[in-house]
Amino acid sequence: MTMNEDNADDVFSEQVKRYGISKLAKLTNYNNNSCPEVVPSTKEYISAINVYGIPLIAVGVLAVILILYMFIDTLLYIIKNSPPRVKTYSASVIGVYPVVAIATLCATIVPRSQLLAEAVTQGIFMIGMYQLFCLFVAYCGGEAELIRNVKPSGLNTKVAPCCCWPCCCCLPSFDINKNRVRNLRLLVLQLPVVQGLVYMTLLVLWAERERLYQVNYIYMQPVIVTSIFFGVWGMTMTIQLLKELLKDYWMFSKFIVLQLVLILSKLQGITMKGVVKLRLLPCHPPLTPTVYSNLIYNCLIMLEMVLLGFIARRLYKRALPNMSLSENKISPVCLVGQHMAANGSIIAVESNNNDISYVDHNEKMKDESEGYKVTTK
């Protein structure tokens, strides 16, 4: 960027602040090929969309209400029916959809909040992905139970998106242990940390000068993409590791429904930016091509959140299978000494699975020569 370009941007920004984009467009006679990539204020935006935009915003509000209803309904089911150790993680994952919908609705009403809404979408998805990893571990009963139950299966590293290429065919599989489970956790945990730092930096640049954000955004993309690839790789390895152990828990479906939030937002965002660059949208200041593209993008995202929220509701309202494989295994303990005078028997209370068995005293007397023994199941 040259000094002249900086000065031109500053002059244009001052003119927008002084006249407003609508009046400035009339004064400078902008056409579709020279339309400014400037986002109007909320006042200008609302006055411009009046008849056509208000119904669109009303539909967006109804979509958010529907998503909130599905979220609350699913949350109540989880609170009532799910085991305690998975409630928080399940609630965090299904909470992604209403948060994204509300942020998108705000960007639809206040066009200058578009970058903030995208940052919220990105951030809540990354948090949800880590919570989904924790949910899978909780289904197993914790890391120790996970390691115990998956053995002798190994950790397969030749999975998408990082190591599914032909050149990765020689990568080995590893025995699962505590350190490798921790490494999987770190691969997923870096998602919210790295993405949060990147978007905080971009927001600071945008607040200082929008041109700084536009110039530096492209340099942040390798960091964003690398972080996403490693995080998704960690989740894919986890799913491959647990697919037999948790085959009735709809793991892959829950992962895909969450993953689609990122895929749709990223692909549609890139597509709409390309449409703006190609000048395929009309310019009717203050409704510039950027405003039109953001409006189309936001409407699609809200519609997709309704669909994804509905699918997630179906998945998380399914009754979980018998989670006995993930219950903490407690060594059987026999409490001996409680006599019943009526039938001369001893009650042996076995704490494993809360089973109570009555052991006849006369049978135990046969083993008196070997010492009094109480065996457990």
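Note that Cβ sites are derived from N, Cα and C of the backbone, with glycine treated the same way.
Source: prediction; values computed, not measured.
Sequence annotations record features per position, and here TrEMBL assigns transmembrane segment to 52-79 (among others). Beyond its flanks by at least six residues, the transmembrane segment (52-79) meets 46, 86-87, 90-91, 94-95, 97-98, 101-102, 104-105, 108-109, 295, 298-299, 302-303, 305-306, 309-310, 312-313, 316-317 of its own chain at Cβ-Cβ distances under 8 Å.
Among the features that TrEMBL reports, transmembrane segment is placed at 91-110 (among others).
Residues annotated as transmembrane segment in TrEMBL: 122-141 (among others).
The list of residues near the transmembrane segment (186-207) in space but at least 6 beyond its ends in sequence, with Cβ under 8 angstroms from a Cβ of it, reads 115-116, 119, 122-123, 126-127, 129-130, 133, 213, 216-217, 220, 223-224, 227-228, 230-231, 233-235, 237-238. Annotated transmembrane segment per TrEMBL: 186-207 (among others), in sequence order.
Annotation source TrEMBL lists transmembrane segment at 219-242 (among others).
Outside the transmembrane segment (249-270) by six or more residues, the chain places 93, 96-97, 100, 118, 121-122, 125, 128-129, 132, 135-136, 139, 228, 232, 235, 239, 242-243, 297, 300-301, 304-305, 308, 311-312, 315-316, 318, 320-321 with a CB less than 8 A from a CB of the stretch. Among the features that TrEMBL reports, transmembrane segment is placed at 249-270 (among others).
According to TrEMBL, the transmembrane segment annotation covers 295-316 (among others).
Ranking 91-110, 122-141, 295-316 by CB pairs under 8 A with the transmembrane segment (219-242) puts 122-141 at the top. Counting same-chain residues at least six beyond the ends of the transmembrane segment (295-316), those with a Cβ under 8 angstroms from any Cβ of the stretch are 56, 60, 63-64, 66-67, 70-71, 73-74, 77-78, 90, 93-94, 97-98, 100-101, 104-105, 107-108, 111, 114, 117, 121, 250, 253-254, 257-258, 260-261, 264-265, 268-269, 272.
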